[in-house]
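Here the structure is laid out as structure tokens; the discussion comes afterwards.
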Amino acid sequence: MDYTKYKQYPPVKLDNREWPSKKLDRAPLWCSVDLRDGNQSLPIPMSINEKVEFFNLLVEMGFKEIEVGFPSASETEFNFLRKLVDDNLIPDDVHIQILTQSRDHLIKRSFEALEGVKNAIVHFYNSTSTLQRKVVFKKSKDEIKEIAVSGAKLIKEMSKNFSGNIRYEYSPESFTGTELDYAKDICEAVMDVIKPTPTNKLILNLPGTVEMSTANVHADQIEWFCKNIKDRDSVIISLHAHNDRGTATAATELGLLAGADRVEGTLFGNGERTGNVDIINLGMNFYTQGIDPKLDFSNIDKIVEIYSRCTRMTVGPRHPWAGNLVYTAFSGSHQDAIKKGLEAHNNSDSHIWEVPYLPIDPSDLNRVYEEIIRINSQSGKGGVAFVLENSYGYKLPKSMHPEFSQIIQKITDKTGNELSPEYIFSTFNSEYLEVDGPYRLLDYTINTSSLETKISAKLEYKTDKIDISSFGNGPIDAFFNAVKKVISSDIKFHDYSEHSLTEGADSKAVAYIGMEVKGQIIFGVGIDSSINTASIKALLCALNRVE
Ligand code: KIV
Ligand code: ZN
């Protein structure tokens, strides 16, 4: 690979840069460009109906500025905007943005498409980059500036006859490939025509049409531009990062620190080549810093579904905040920490979310807890116990976790597969609850005095009947003593716990008993509407599992 054919992007000369010590404290103005930049990059562009569905989703999510297309570029784009207007689909507080090149016939056609829009943003652009001036347009700096200025003049002129409210946006396209002072010069020339004021600002969009540098250099460019552009309070500085280097999110966040006010991007980063900056990623980053993102991501699965269906793109399983594996832990140590963290969180009065390996509460995005811990050969004891408790309500005592997780581990090691909660539960059932013999309980009676409890029980062993009885400080102790006396003298009581399994009148109890046999701990589980019966069944279950 011949790296010598590439040259390094130069740093920006910026004295006293301020962005590194700033912090983000509010969400920017958002503009979705899904229906234009996103759509124009799709192998199969969206149909009008798909665009309508996508538009409605964006409105529902709270976008107040939506670039709906490039209406002068194709009939579909034109007709889509007409449909939005004719079918009254645009809420009064949403600005409809259209894109046009800074060319007369395209500007005129764009105004035809906008007829009847209440709040419009006319976004015009021309490429200003050093390379494109040289190899594409073969024009001087002044000639390129003239394209922007004459476009601005025509737009200003045409807007006199426009019935709605209108705002303007200019993009020196390929800003990241343009000399900074020239980008400023051309933007100021456009300002001279548009004449923005603090109450009627011009949007200056500074696109990272191709991402060419590290995010800090991008931030330097934005800080330089914000500090040097004239009448800063009459312009909105907008970012429009593409993701060629995979750092569009970082570039945008640092660009906001550097003074930008507004962000154009798309859901899941759809867009030309490696895409536009991902607004889900950015917005959720704000949210998880305790800052209101001013967009609603709470129904993330619906957003993923509509996005995937309309664009025919996929959302990767590791996609930040939205992928279907991003709140899932397979590894034992992560599962253990999550389980403990969730327990601590549930027992705490604090409103603040602090759970290891879970940077947010998945339920904020309507993600279910079943997804958090999934079991494969990498998983540990805590994970298996979490699944049984979370999905089926069985709170296995901690001392039982190693035994049951070893049973599960043997299966995952053998199959190499992930085990579903259903499979884990059916293994738990067959291992403990469906154990039927050789010892079976037929009947028992308990007599309690103030001093002690006596139990008399009838058992079946294979085909024989056995009567056992003994005393103890409670029914379980008495039954254990009876078993020791008649059936097996070398067992020791190790562990007991119980909890109710269901609530209400038909509530059932589950008991877990650990028994030590020749130095080995063996557990049994019993369920019954009577806690005494559940405990006796648990003890017999352990006994049966020894056999
Ligand atoms: O990436 C880009 O430069 C664009 C412009 C048209 C704003 O999409
Ligand atoms: Zn773009």
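Glycine too: its Cβ is placed from the backbone N, Cα and C atoms.
Caution: TrEMBL annotation is automatic and unverified by curators.
Residues or ranges marked as Mg(2+) binding site in TrEMBL: D37, H240, H242, N276. Annotation for N276 (Mg(2+) binding site): same-chain Cβ neighbours under 8 Å, separated by at least 6 residues, are V33, D37, G38, H240, A241, H242, N243, A248, E264, G265, T266, G269, N270.
For 28-301, the entry in TrEMBL reads domain 'Pyruvate carboxyltransferase'.
Here TrEMBL flags 435-547 as region 'Regulatory domain'. Mean model confidence for the region 'Regulatory domain' (435-547) is a pLDDT of 92.
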Binding-site residues near ligand 1 among D37, H240, N276 (Cβ under 6 Å): D37, H240
Residues within 8 Å of the D37, H240, H242, N276 Cβ centre (excluding the Mg(2+) site residues themselves): V33, P207, G208, T209, A241, A248, E264, G265, T266, G271, E272, G275, V277
DSSP three-state assignment for H242 (Mg(2+) binding site): strand
DSSP-derived helix, strand and coil totals, residue by residue, for the region 'Regulatory domain' (435-547): 28 helix, 56 strand, 29 coil
Mapped DSSP class for D37 (Mg(2+) binding site), helix or strand or coil: helix
